[in-house]
Ligand code: HDE
């Protein structure tokens, strides 16, 4: 081994025992970042800390000399070799050819769905309480397992925006001692379709129109609503998407769901059925629609930046893994709900979610392509103790994920890519193929053999993975049909809508109205109103009013033979309103000017940092204002990056700007007026003290409005504003016609 490799052995991000990231504010002006660990010498570990024997995996710009890929030193990389300074370029210039050839092939096909994503490393620690139902060792008490989690909108392509209305992927790779376990879930617990054979249909309908390839990253168009109106098993998923869940505030504030029912196996072979849940420590929160639209223009990378900034600033997001456990009966139903139907939830009130471990994402990827782009998840990557069920959607996925990687990652050896390497020893008999990195020794990659001493040997029944649980397979003829229970498409969407608070219901009505309003075909809108009529009369009437169409008197005209909706008790756990949550990682803007009391601002910043928040000082110009460092200027900030606003001043407009606000009010910079008006409309807490109170008047914000805190002193204003932030929004402001 090279001496330098010995010297620099970076701690594996997120691996057990690695240090937590340094606490610092990413937005504070600072010296150039310290070299990242990959800018040292090549390391002998994969990004997740797995040992590798196949040479350097992490190579950065380091070392004294620029070289070719073959290690030959170069003197110039700016000029191609030419016959005279103004003459033709010579084919013999290897550096030119190698550089251009490599560049020409830098791109690989993006994922056919979930193309855009953001990911982080972390660690999962088991609570040990799942042992009675599952023998997977990573769930054992205090067992630490490195993880890599990728979040992703579904429809948009790699360069699309983050804050679109869409489902989000939530995929976690657990590098367990027993092999890799992938939990490839979504932030919505149900899916559009009940059978994998419909996946190409729903994706073709949701993706941009084939002629002009628009619209990008959204479902507000004819083909999507055409499909979901004719294929009403999608109604439940669509309802979640149209609710606030479709526009999450942050990946850190999303639930995750395994969607399908899985089968757990305990140490003595006993089985149970289970649904997996991820519960975010920060609660489940969403953007409001106008905010999401602004975000997509102001900061298309909003969710990606938010995740990376939170980790870098020392507020690593956490989720508890929870399970809903059901008896493994031959019917595979629970309280009348078909557990094999991926369009159905089991309300938490009927089967509580029991926490079994905690995931902390505490390290950002070093290289987006190597890690976030090349990671390959698969719902069939299972460890002993976790098995699949006959859910026809899951069964089809078991084929798709292996298959898609062949094209995306260029051959069958993608498990050898560093981010995909198991931490458990690998001893397969898979050989050769594109991008084979291993130098396999041995003469007999087959079994049985005598030439390699019979190696490798088989595992005992107690540790083998991919166990065939002796589940009964119903006898019958080969058929292309669904069970009768799959024909209930409307009971659960009705239950979901009726479980929401009035303000969430209003948002949902507006979302349907907007999306259907963007369709051109009248028949598509009318057909979907039929679907909504079956789900809930008020919902249907609200959307029909917005579209200017009649409320249909009949139920859906799509799928033939579907059942009428039944009434189920509402599930309060589905609403996002009404609870208090930690505020760590939230962003608070503090507007200052030369008249601001610096001592008070320093105290507010200390308090905010102490609570794990990110305070951003906002002023007319960068640098410093009376000794206070400025992180954002009036030109570089918009309300959408702030969760709350504190006003320590009423900054006047630049001399050449038009005045805003009422005559008689103090003059206020128009950009701050817009910032305040947006923050107010989006129900964000606003606090003001001293001269800051005048900014409220100038922006037309009533001092007495809910969630507006005004006092002489920052000491009294700040705690109140932070307490309001714990409820996510000032919900009272979001009712009525002016709501966003
Ligand atoms: Fe996926 N899905 N999916 N999916 N899916 C992919 O695999 C597929 C489904 C999910 O961050 C693809 O590697 C089929 C449900 C996530 O890399 C592909 C069906 C759920 C991700 C694929 C489904 C998911 C994917 C594209 C219907 C939630 C991103 C690239 C049977 C439980 C993973 C890739 C990442 C990605 C197929 C339905 C979640 C084509 C055929 C249900 C989070 O293989």
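Cβ atoms are placed via backbone N, Cα and C, with glycine included.
Marked as region 'Disordered' by TrEMBL: 1-66.
Here TrEMBL flags 25-39 as compositional bias 'Basic and acidic residues'.
The feature compositional bias 'Polar residues' is assigned by TrEMBL to 41-66.
According to TrEMBL, the feature domain 'Catalase core' maps to 67-455.
Listed in sequence order, 184, 376, 377, 378, 379, 380 are the same-chain residues at least 6 apart in sequence whose CB falls under 8 Å from the CB of residue 401 (heme binding site). The heme binding site annotation in TrEMBL covers 111, 150, 199, 397, 401, 408.
Listed in sequence order, 152, 153, 154, 169 are the same-chain residues six or more apart from residue 114 (active site) with CB atoms under 8 A from its CB. According to TrEMBL, the feature active site maps to 114 (among others).
According to TrEMBL, the feature active site maps to 186 (among others). Within 10 Å of the C-beta of residue 186 (active site) there are 23 other C-beta atoms, taking all protein chains into account.
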Residue 199 (heme binding site) -> DSSP, reduced to three states, gives helix
So what pLDDT does the domain 'Catalase core' (67-455) average out to? 97
Record-annotated heme contacts 111, 150, 199, 397, 401, 408; largest Cα to Cα distance in whole Å is 21
Reduced DSSP state (H/G/I helix, E/B strand, rest coil) at residue 111 (heme binding site) is coil
So, in DSSP terms, is residue 186 (active site) helix, strand, or coil? strand
List of residues, in chain order, with Cβ under 8 A from that of residue 111 (heme binding site) and at least 6 apart: 117, 152, 404, 408
To see if you understand the setup: which same-chain residues, six or more apart in sequence, place their Cβ under 8 Å from that of residue 397 (heme binding site)? 184, 196, 379, 380
If you count Cβ atoms within 10 Å of each one, which of the binding-site residues 150, 408 comes out on top? 150
